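*Asks:* Sharing a structure with you now.
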Amino acid sequence: MALSRILRSSTNLSATSLIANQLTRICRSFASTSSTSSSAASSDYYDVIVVGGGLVGNAMACNFGLNSNFQEKKLLLLEAGGTRSLGAPSKLYSNRVSAVSPSSKRLFQKLGIWDRLEAYRVKSVRQLQVMDSCSQSAIHFERQSFQSEVAWIIENDAIIGALFDKLASDCSKNVTVKSKARLKSCSLPADTSELAQVVLEDGSVFETKLIIGADGAKSKVREAMEIGYTGWEYGQKAIVATLQVSGGADNEVAWQRFTPFGPVAILPLSANLSSLVWTTSPDKCDQLLALNEDEFVDQLNEALWSEETQDSFVNKALFTVDSMLSTVLPATSVVQLPPTITGLQSDSRAAFPLGFGHAHTYVKPRAALIGDAAHRVHPLAGQGVNLGWGDVQELIEVLQKVVRSGGDLGSMTSLAEYDSRRQMRNVPTMVAIDWLNRLYGTNFAPVVMARSLGLYGVNRFGALKNLIMDRASA
Amino acid sequence: MRTTARCRRLLPLRADLGRCLRTSLAAALQRPVPLHTNAAVFAASFSSSSSSLAADNSDVVAPSVDDYGSAGLAPIPTKRLLHSNLTTPSLSSAGGNDVFGFPLISNKWFKQQHNANQLRKLHTTAVDAPATKLSSIDNDDVTRFARLSGEWWDERGALKPLHSLNQARVPWIRDTLGSRTSKSSTTDDGRSSLAGLRLMDVGCGAGVLSEPLARLGAHVIGLDAADDAIDVARARTRLDPDLKRANIEYRCGSVESFVADNPKMVGSFDAIVASEVIEHVLSLESFLDACVQLVKPGGQLFFTTLNRTLLSRVMAIWVAEDVLGIVPQGVHDWNKFVPPNDLAALLEARGCNVRLLNGLCYNPLMNKWSWVADTSINYALMARKEA
């Protein structure tokens, strides 16, 4: 009796589920006919989807939105957090800043956000001074030409905010920004016969011709691309903070002192404030973060000024070489002394781990990587985000050629061009940065000697120095 | 069952071509992916020599068969060219590609491989093509076809050079044609530079060239005899939102039969494009007859193809087939390559003036084509029908 009832109820169940199935099928077919009748204007298709609304992803969306070639194309920018706006300057500086290179400045001018940023606050850097804690060798970069700035220090939040504002004001026609959009998965086809698909955690699905992964070092887009990736952690952490300094007249010099634990960089923010990027071992990092403000400042001054690790033999050798060379080549620049740190602007200390990462290819059919998703470097040269902005410019150039010749935005033939051009530019820089970090990660005397003489040599020979400077700021 | 049938059908084919070796047949049987253009012309030649084939493929057969095919080109009109009215497009106007000097050898090499693949597939296609299945295709079929015939749109596969050739030929066609429309001269970008023009892409395959031309605003009819390729091309028009909006349609058949079946379209096209096609055509004269008929008076004809020179013979036949063994022996017929002078003379005889002639050079390392002065391997030619 009971059994038969169960049976009956189960048959009832299957009948209802059958009806439900039928209903959903009808609904679906209805929906599909209605979507085909509304043609390509259906809301879930975008020509390009940028994943990640950070420094690089926003620049990509903005560049796309302002370019006349893409006025009939639609772009969707997915940002996991919220959008920000650039308001009045806050009293406190953010502890995350970027050293914007001259070519990145040109990009900002093209995007029409440079004046806005300058009105907010931008600190120009006229000189760059690199020192070795193990010897007296130092190098000094300064522009000889009329353009006197080496770089500009700008807070990351300000750049992101200015880009969001620009997107809202001038790009709303063809760029849609979706905030709080967390990527769940994306599926990429083997070739351009199908569209790529993006699924968000809230269940919404978008189709596109091209997914641009600007979602940082742990990129989900890169994961979905299933490409080779070489990466490692440096076993180093970087402490960032906003510092009060005294000493330099206008505070227009960016300082970097290499210590065996890692480089300490002091980047000017204003006449009496600087931003700190202190690379050190994880243990030392934890200790430093646990200290109170005064103790932390003492430790930092020691790291900047300490003579403990100086190698006297190397110094003697340097002195000899210098006195010999000075008879032929007069000294060109005077070594300046780093500023003295007097305190912190509130307690703005924070730390993050450092690593290296390199995607073996930046492209797949219907997908491309830009910024940290494609390459992650040590912050010691301030190059990371500038490489990303370089990616943006190259990718835009390739895509506008595609549009002008009627191609498919996700076509491999064109994307491969982006890939090879950017790899050619990025990989040597990445390798150089990695080697610099290794070269200065030791106090082994022969290495100290070699690097000191090398740094000295580069400093004395203008042509070589200019070459390096042009490369770093290009 | 299917395979043995194809085997049996291929036997007369082998006898017909005479030089097809076992290797190429084996390869063709292992990879029966039907691909490519101009099957009609081949089918025509098969049918003229083998009645059983003709029965199987009655409606793929081209109507007119001027059978001078394998012996080489027909006698060429004595009028020898022509240098006065040949001009060279500036590199910038034709796409502005970098010129890489070296790759003549590899270029040939690649081209050979690509042609061999296409020919191999063509043989199977021409013989095996089912007569009529061009009608209604549902969406499941669309995706299935797109996946099945992935090779056409695998930009890193056998047809890789054909895809990158777009970077040279689309700007070439766009700028040559676009300069005639007032609209494009006012816009700084090429988005809709071909708006309002009617084009036919003869031997369109799966639409590798038709699609970009349609995206640029032209009304494009893509014509190809291989119905599998046409199926792939049609499937893409339903998947790609750009193409849904664009004005593009595909027809299956030969250009000669198209003229016969669509008398109203004769003289209606602003331009005819036959890219990488005429080196496969057996009856170039009837092919050109049809093309010239379709184009408007004052309209333009665009060709890209391979030259018949000592260099191409050495690289294509000797190096690629005998020395390196990359290409199955006998698959490629150097005799069907068309020297630009011959093509120009044939066009002049049909009331067209050759306006542009340029060499194209492929760099396999960068997968990039560039415009060069030397036309001894690949070249592009544009002619204008007298008004």
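Easy rule for this one: first residue shown is 1, then count along the chain.
Note: Cβ is positioned from N, Cα and C throughout, glycine not excepted.
Annotations in TrEMBL come from automatic prediction, not curation.
Features from TrEMBL:
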- B:R169, B:G203, B:D224, B:S275: S-adenosyl-L-methionine binding site (BINDING)
- B:E276, B:E279, B:H280: Mg(2+) binding site (BINDING)
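Can you tell me where each of these features sits in the structure?
*Replies:* The Cβ neighbour count for B:E279 (Mg(2+) binding site), using a 10 Å radius over every protein chain in view, is 22. Annotation note: B:E279 (Mg(2+) binding site) sits in a helical segment as assigned by DSSP.
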*Asks:* Per DSSP, B:G203 (S-adenosyl-L-methionine binding site) is which: helix, strand or coil?
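*Replies:* The residue in question, B:G203 (S-adenosyl-L-methionine binding site), is coil (DSSP, three-state).
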*Asks:* Using C-alpha atoms, which one of the binding-site residues B:R169, B:G203, B:D224 comes nearest to B:E279 (Mg(2+) binding site)?
*Replies:* B:G203
*Asks:* I need the CA-to-CA distance for B:G203 (S-adenosyl-L-methionine binding site) versus B:E276 (Mg(2+) binding site), whole Å please.
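*Replies:* About 8 Å separate the Cα atoms of these two residues.
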*Asks:* Hey, does DSSP put B:D224 (S-adenosyl-L-methionine binding site) in a helix, a strand, or just coil?
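*Replies:* It is in a strand.
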*Asks:* Restricting to the chain of B:R169 (S-adenosyl-L-methionine binding site) and a gap of 6 or more, list residues whose Cβ falls under 8 Å of its Cβ, or answer none.
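*Replies:* Residues satisfying the criterion: B:L209, B:S275, B:F302, B:T304, B:A380.
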*Asks:* Tally every other Cβ atom lying within 10 Å of the Cβ atom of B:H280 (Mg(2+) binding site).
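*Replies:* There are 22 such Cβ atoms around B:H280 (Mg(2+) binding site).
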*Asks:* Which whole number of Å gives the largest C-alpha distance between any two of B:R169, B:G203, B:D224, B:S275, the residues noted as binding S-adenosyl-L-methionine?
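*Replies:* This binding site's residues have a maximal Cα-Cα distance of 19 Å.
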*Asks:* Whole-number Å distance between the CA of B:E276 (Mg(2+) binding site) and the CA of B:D224 (S-adenosyl-L-methionine binding site)?
*Replies:* 13
*Asks:* Between B:H280 (Mg(2+) binding site) and B:D224 (S-adenosyl-L-methionine binding site), how many Å separate their Cα atoms?
*Replies:* 13
